[in-house]
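K.L.:
The following feature annotations were taken from TrEMBL:
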ACT_SITE  H65  active site, proton acceptor
BINDING   D66, V69, G71, D73, S75, E88  Ca(2+) 1 binding site
BINDING   P165  substrate binding site
BINDING   H195  heme b binding site
BINDING   T196, D245, T248, D253  Ca(2+) 2 binding site
DISULFID  C34-C115  disulfide bond
DISULFID  C67-C72  disulfide bond
DISULFID  C121-C321  disulfide bond
DISULFID  C202-C230  disulfide bond
DOMAIN    24-325  domain 'Plant heme peroxidase family profile'
SIGNAL    1-24  signal peptide
SITE      R61  site 'Transition state stabilizer'
Amino acid sequence: MAASFRLAAVAVTCSLLLATACQGLQVGYYNKTCPRVEYIVRDEVKKFVYNNAGIGAGLIRMIFHDCFVQGCDGSVLLDPTPANPQPEKLSPPNNPSLRGFEVIDAAKDAVEKVCPGVVSCADIVAFAARDAAYFLSRFRVKIDMPAGRLDGRVSNASEALDFLPPPVFNITELVGSFAAKGLGVEDMVVLSGAHTVGRSHCSTFVPDRLAAASPSDINAGFANFLRRQCPANPNPANDPTVNQDLVTPNAFDNQYYRNVLAHKVLFTSDAALLTTQATAKMVKDNANVPGLWEGKFKKAFVKMSQIEVKTGNQGEIRKNCRVVN
């Protein structure tokens, strides 16, 4: 109960589906056991993000890809082993596109020197993603991130394919995918705004968006630009990347929603946000009302960070984020 009151005090809300998972998470979880942890992680993230903004985009994407598979438990960090040759990080949604693992390693090493065996890799992933959003938004997205997650011991590539919504999903499929994780329609629209940063491989959108029978909703000039950047048939040997947001590619801002309205987005799943009246209104509001998206993102991001977290005897605190203890 005490934890619940503390969560309420910082305005962290849990849906009914997430109530069990939220139990035990709290802002300032490490205040007594490792009081400097959040500063240590932030310093490490800052070094990497200021050197390469794309790493920040990768860290924001990493928590999404972690939480939707086995919950927010650091399972996406696990390397292949003889006993488990196909973990999540080798699944097509993650390999070779997911990046930022070296940041988590650096943060974990720095934390272990100060507080050995105290801070989970899952919490470091959450802190790092939070900090990446903070720096890329030029300090406008400041999130109170609850902690207390434990690290999972299971990581299967097949589950990443099962639970991560692919870029070809339509609005019905997107809503269902997020609902399965306790997230609502508005959460889905708001979290999609993270596509305002980062790059995507041509293979993730060319077959679906730039084929001969390409959808009429994509802006013609934008489509022609993409055709100049991408091969007609991307393959592992020839699969360049393009910015998801051409206007402010390294800024974590609401430009994504303006791009959706202008039909200048890479994925079917992005364009799908205009296919229902309700989600289209959310897109317009996020595009046009200053500060609206940033405020909504903070809440949706925290909600996502609490999906199916492991507590008690469900997990462990890994010594090395890449291997189970």
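Each Cβ is built from the backbone N, Cα and C atoms, and glycine gets one as well.
Bear in mind that the values here come from a model prediction, so they are computed numbers and not experimental data.
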K.L.:
Across all the protein chains here, work out how many other Cβ atoms are within 10 Å of the Cβ of C115 (disulfide bond).
P.N.:
16
K.L.:
Going by C-alpha positions, which of the disulfide-bonded residues (C67, C115, C230) is nearest P165 (substrate binding site)?
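P.N.:
Out of the listed candidates, the nearest Cα belongs to C67.
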K.L.:
Other than its own, how many Cβ atoms are within 10 Å of the Cβ belonging to T196 (Ca(2+) 2 binding site)?
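P.N.:
The answer is 28 other Cβ atoms.
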K.L.:
With an 8 Å cut-off on Cβ-Cβ distance and a minimum sequence separation of at least 6, pull the same-chain contacts of D253 (Ca(2+) 2 binding site), or say none.
P.N.:
S137, R140, T196
K.L.:
Of these binding-site residues, S75, T248, which scores lowest on Cβ atoms within 10 Å?
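P.N.:
Lowest Cβ count within 10 Å among the binding-site residues (S75, T248) is T248.
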K.L.:
Which of the recorded positions C34, E88, C115, C230, C321 has its Cα nearest to the Cα of T248 (Ca(2+) 2 binding site)?
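P.N.:
Nearest listed residue in space: C230.
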K.L.:
Which one is closest to D66 (Ca(2+) 1 binding site) in space, judged by CA to CA distance, out of the recorded positions C115, C121, D245?
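P.N.:
Its closest listed neighbour, by Cα, is C121.
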K.L.:
Starting from the Cα of R61 (site 'Transition state stabilizer'), work out which of the recorded positions (H195, D245, C321) are within 10 Å.
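P.N.:
H195, listed in sequence order.
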K.L.:
For C72 (disulfide bond) and H65 (active site, proton acceptor), determine the Cα separation and express it in whole Å.
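P.N.:
Each residue's Cα considered, C72 (disulfide bond) and H65 (active site, proton acceptor) end up 9 Å apart.
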K.L.:
Work out how many Å separate C321 (disulfide bond) and E88 (Ca(2+) 1 binding site) at their Cα atoms, rounded off.
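P.N.:
It is 14 Å, counting Cα to Cα.
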K.L.:
Between C121 (disulfide bond) and C115 (disulfide bond), find the distance joining the two CA atoms and give it rounded to the nearest Å.
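P.N.:
Answer for this pair: 13 Å between alpha carbons.
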K.L.:
Can you tell me the CA-to-CA distance separating C67 (disulfide bond) and D73 (Ca(2+) 1 binding site), as a whole number of Å?
P.N.:
7
